[in-house]
Structures are given as C-alpha cells and as structure tokens.
C-alpha cells in the first residue's frame with residue numbers, strides 16, 4: 001500500500017499498477033517504481049521515489065534500477081541535482097560504464113567541467129572501459145576549459161580503444177582542437193574522415209566561429225554548400241549566421257534565413273536569436289524587429305541581442321523601452337542584459353538614464369556588478385566628456401580595477417585629447433603587464449597627441465620586444481555576394497588604379513565643400529604633407545571610392561569596419577554623402593553610422 005501523498009498523486013492515473021495483483025512480485029515492483037521515476041517533476045518527488053526503490057530492495061539488487069535512478073537525477077536539471085546524484089553514485093556497489101557516462105554528462109550539462117574530468121580519471125582507475133558515449137561529453141569539457149593537454153591525452157586513449165572512427169567522437173575532436181586554437185590538428189582530423197557528414201562540416205564551421213575566425217568560417221560554410229549536397233546542421237547554421245553578423249555578409253545571412261524557412265517548419269529560439277543578431281549587425285534593424293516581434297518565446301539572450309542592436313543603431317531610448325518590456329514579461333535581467341542596456345545609454349549620450357539603470361542594478365542586488373559593468377559606466381561618463389567624474393568613479397570601485405576599466409578610460413582620454421588624465425590611465429594599464437597590442441597602440445597614440453615622441457618610441461620598442469602584433473584596421477564592402485577587404489593605403493585590389501583615380505576625384509570635389517583634413521588623426525612625427533597623404537588612404541575612404549564605382553547608382557553603400565572610425569573619416573564621409581547624393585552606412589566597432597545629405601545618424605556622438 002502506497003501511503004506517501006506525493007507517490008499517491010504520481011500513481012493516481014495508473015490503475016493498471018495499483019490494482020494489479022502482479023505488482024507485488026519483483027518485476028511488478030520494479031515496473032511500478034520505474035513508472036514513478038518517469039513522472040517525477042522535482043527533486044522532492046524524486047527523493048521519495050528513490051526511497052521507495054531502496055525500501056523495496058530494488059536499488060541494490062537491480063543494476064538497471066540503480067542506473068535509471070542515477071540517470072533521472074543527473075540529467076534532470078533540477079537545482080543541486082548533481083550533488084544528490086553524486087550521493088546516489090556512491091551508493092552503487094559496482095558502477096558500470098553507463099553510470100560513469102551518466103555522471104560525466106550530468107556534470108558537463110551543469111558546466112562543472114573539472115568534476116567531469118575527475119570522474120573520467122576515477123573511471124579509468126577502476127578499470128571501467130570508456131565507450132563512444134563517454135568521449136563526446138568529455139571532449140566538450142576539455143573544449144570549455146581550453147584544456148588542450150587533457151584533450152590530446154584523451155585523443156590518444158580514443159585511438160587506443162579504436163573509437164577514432166566514431167562520427168560523434170570525430171566531430172567532438174574537430175570542435176575541441178578548433179576551439180582550443182589548434183586549427184591544424186582540427187583540420188587534420190577532418191581531412192582523415194572517410195565520409196564527411198553535415199555534422200563534421202558543422203563542427204569545422206563552429207570551431208572557426210568559436211575562435212572568431214569569421215572569414216575562414218564563411219569559407220568553410222560556402223565550401224560545404226557548393227561542394228556537397230549536405231545541409232548544415234543547426235549548430236553550423238548558427239555559427240555561419242554569427243560569422244555573417246561579424247563580417248557584415250548580409251546577402252549570405254539572408255540566404256541562410258531563406259534556407260531555414262524552406263527546410264524547418266518551426267525555428268527554435270537559438271536560431272531566431274541568431275537571426276535577430278545577424279540582421280541588427282548587418283544594418284537591417286527593421287528585419288530584426290520583425291523577427292523579434294513574431295517570436296512566441298524570448299529569453300535573456302534574445303532581449304540582449306535586440307537591446308544591443310538598438311544601441312548599435314543609436315536608438316538608446318528604444319533600447320530602454322525594450323528593457324522595460326523585458327521586465328514586464330517577467331524576465332530577470334542578467335549580467336549580459338545590463339551590459340547591453342548600459343552600452344545603449346553610453347552610445348546615445350543618455351547619462352542620466354545610464355546612472356539610473358546602474359543604481360537599480362545595485363539596489364536589486366541580483367546581479368553582482370563586474371568590471372564590465374563598471375567599464376560601461378566609465379565609458380558612459382567619458383563619452384559625455386565627464387572625465388573627472390569617470391576617474392572618481394574608477395577610484396571608488398569596490399572591486400579590482402582591471403585592464404577593461406583602465407582601457408576604457410584611456411580610450412576616452414585619447415578621444416578628448418586629455419593627455420594628463422590619459423597618462424594616469426596609461427600608467428595603471430602598464431602596471432597590469434598587459435599583453436594586448438591594442439593597449440600599447442592606444443598609449444602610443446596618446447603620447448603622439450601630446451607630441452611626446454620619446455615616449456612614443458619607447459612604447460613601440462616595447463611592442464617589438466614583446467613580439468606583439470596589432471590587427472590592422474580594415475573596411476569591408478560586400479558586392480554580389482563577394483566581400484572586398486581594404487586596409488589603409490591599400491593597393492592590392494585588382495581595381496586599384498580605378499579606385500585611386502576615384503579617390504583623387506573625390507578629393508577635388510571636397511575642396512569646393514570646405515573640407516579640411518584633420519591632421520591630428522595622423523599620430524606620427526612626420527611633416528604636414530606626409531600626414532595629408534596618409535589620411536587620403538584610410539581604409540574607409542578606399543572602400544567608399546570602391547562603392548561609388550561599382551555599386552548601382554542611388555543604392556546604399558554599406559561598409560563594415562573592425563575599428564572605430566577616426567574623426568576625419570567621419571567628417572569626410574558626411575560630405576561625400578552630400579556631394580554624391582548617396583546614403584552610406586558604416587558599421588564600426590561601436591555602432592552604425594547612417595550618412596545622408598551631409599549628416600550622420602549618430603549626431604556626431606560616437
């Protein structure tokens with residue numbers, strides 16, 4: 001007779017068990033308990049069912065029952081379920097490979113990757129032989145920990161056990177090596193595959209996306225689509241959309257969207273969020289909003305993508321309204337959402353509103369402010385020209401002041417040409433022994449503004465000694481599905497001669513509009529004429545010349561940049577949009593700029 005109220009409710013609809021005389025034999029008892037196990041919806045129900053397994057001597061006499069109980073708990077996702085699962089595991093006299101796999105998978109699911117590796121070590125010490133279900137989860141743990149050493153050791157064990165031909169293991173190896181930066185090893189595993197499946201290609205694409213290798217990611221994706229009849233898996237599609245978002249490859253992103261609509265009846269929230277992110281970063285805010293509004297369910301990542309997108313387009317007030325909508329829907333803002341909202345305030349000059357959001361975050365107490373949040377606050381004040389207040393904020397921060405905070409402050413000091421405060425930030429940044437080449441370049445540029453040429457030379461010498469390499473600034477234009485990449489003073493393009501002829505024509509036209517180059521943007525100790533020549537060849541100007549030549553008359557010229565544009569390029573582009581009567585959209589590292597009729601959507605606040 002079952003007396004516990006929870007168990008009675010679980011069995012309420014199962015008359016075939018409660019009234020069946022055979023339920024008293026061993027098989028019947030086990031069937032009853034396994035049925036109860038499936039119906040558990042929380043840890044309290046589960047504990048009562050677990051107790052019943054023990055009371056009926058099923059847990060210790062049936063390995064199948066013990067493994068089922070363990071798997072239900074470990075894979076449930078309930079709060080603290082893995083702690084309870086660990087106690088269940090210790091109660092099993094002779095755990096089998098399935099039980100170890102259950103624990104490894106459970107720990108990986110809750111992101112306790114070190115625990116997963118510990119269980120694998122215990123498994124090997126006890127003599128349990130891993131199987132093809134063991135390694136995908138284990139390699140995922142190595143991937144998330146960036147533990148290439150352990151990953152290579154596990155690869156060796158995979159080889160010894162003859163599991164290297166298993167498709168799931170192969171794809172996990174490709175992903176692990178790729179995301180740990182070992183691209184050659186990732187490619188080597190891929191090339192050895194006898195049959196390259198959609199999953200293998202998707203693993204290659206995802207690995208490149210995980211390392212921010214956007215161009216390589218898209219090359220692989222295009223290769224898969226053109227050289228095979230395979231259709232990428234969801235993970236590959238999401239990675240390709242991420243790459244499109246980061247390179248401004250709108251046409252390819254739209255093609256992927258079309259493919260998804262034709263082949264998948266209902267897009268899940270991950271894919272829909274990826275589409276929102278792709279469209280906002282490719283300059284199509286209306287399309288992103290359309291997808292967002294049609295979504296039946298939205299999560300924090302969806303709102304974060306939309307709020308960040310509105311911020312990119314200078315729609316700070318709309319971003320704040322979106323934030324309010326999220327709260328009304330009952331979602332609790334997390335770390336990522338607050339960063340997005342604070343960035344939106346920063347890029348729209350909403351100082352009062354940004355302070356209010358930050359104060360509310362502190363008051364709520366559900367999100368502990370990190371260096372990233374404080375960095376947003378410093379950026380908000382710095383962009384508004386409140387550098388003294390920004391420094392006071394930094395000095396009052398209750399957490400360790402890391403490179404993010406000082407880099408943000410230094411960047412705003414350089415923009416505002418405040419050498420005195422900038423030197424304070426530079427000194428603090430150098431104390432942190434930064435190995436970020438961008439930091440040294442920022443410091444060097446600050447010294448250049450102050451004509452402190454000895455300090456410039458010393459900083460650049462340090463860059464050389466440390467072997468640091470700065471990624472050069474570039475601008476990208478997409479034309480007929482192909483991306484054209486330009487760097488400063490670029491003469492590598494096949495149409496170089498025509499492009500520079502166009503640049504010369506543009507320069508001639510600008511003289512009649514009163515354009516005067518801002519020589520302060522060339523931070524080198526060279527004469528005035530040399531500075532003018534260097535300004536002419538900035539990558540954005542070369543990209544605009546290409547766009548004017550080869551895009552249809554009257555169409556919008558779209559440019560994606562990897563760095564913030566300089567003030568001279570900003571002024572230059574405003575005037576070109578008026579002279580040639582063309583809309584020019586530029587996405588730099590911080591936001592979108594829509595140049596039209598001699599003005600910019602950022603209202604000169606960027």
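Along the chain as shown, residues are numbered 1 onward.
Every residue gets a Cβ built from N, Cα and C, even glycine.
The feature repeat 'PPR 1' is assigned by Swiss-Prot to 96-130. Counting only same-chain residues 6+ beyond the ends of the repeat 'PPR 1' (96-130), those with a CB under 8 A from a CB of the stretch are 63, 66-67, 70-71, 73-75, 77, 81-82, 85-86, 89, 137-138, 140-142, 144-145, 147, 150, 154, 157, 161, 163.
Predicted-model confidence for the repeat 'PPR 2' (131-165) is 93, expressed as mean pLDDT. The repeat 'PPR 2' feature in Swiss-Prot is assigned to 131-165.
Look at Swiss-Prot and you will find 166-200 tagged as repeat 'PPR 3'.
Here the repeat 'PPR 4' (201-227) is broken down by DSSP into helix, strand and coil counts: 24 helix, 0 strand, 3 coil. If you look up Swiss-Prot, you'll see 201-227 marked as repeat 'PPR 4'.
Proximity of distant same-chain residues to the repeat 'PPR 5' (233-263), defined by a Cβ-Cβ separation under 8 Å and at least 6 residues beyond the stretch ends, is recorded for 198-199, 201-203, 205-206, 208-210, 212, 214-215, 217-218, 221-222, 224, 270-271, 274-275, 277-284, 476, 478, 481, 483, 558-560, 587. The repeat 'PPR 5' annotation in Swiss-Prot covers 233-263.
According to Swiss-Prot, the repeat 'PPR 6' annotation covers 268-298. Long-range neighbours of the repeat 'PPR 6' (268-298) within the same chain, counting only residues 6 or more positions beyond its ends whose Cβ lies under 8 Å from a Cβ of the stretch, are 234, 237-238, 241-242, 244-246, 248-250, 253, 257, 260, 305-306, 308-310, 312-313, 315, 326, 329, 331, 558, 585, 587, 592.
Annotation comment: Swiss-Prot describes 299-333 as repeat 'PPR 7'.
Here Swiss-Prot flags 334-368 as repeat 'PPR 8'.
Among the features that Swiss-Prot reports, repeat 'PPR 9' is placed at 370-404.
The region 'Type E motif' annotation in Swiss-Prot covers 405-480.
Marked as region 'Type E(+) motif' by Swiss-Prot: 481-511. Under 8 Å from some Cβ of the region 'Type E(+) motif' (481-511) lie the Cβ atoms of residues 215, 247-249, 251-252, 472-475, 534, 536-539, 541-546, 548-550, 572, 575-576, 579, all in the same chain and six or more residues away from its ends.
Taken from Swiss-Prot, the feature region 'Type DYW motif' covers 512-606.
Within the chain, the repeat 'PPR 4' (201-227) has long-range Cβ neighbours (under 8 A, six or more residues past its boundaries) at 171-172, 174-175, 177-179, 181, 183, 186-187, 190, 233, 235-240, 242-244, 246-247, 249, 252, 483. The list of residues near the repeat 'PPR 9' (370-404) in space but at least 6 beyond its ends in sequence, with Cβ under 8 angstroms from a Cβ of it, reads 335, 338-339, 342-343, 345-347, 349, 351, 354-355, 358, 361, 411-413, 415-416, 418, 421, 424, 428-429, 432, 434, 436, 439, 605.
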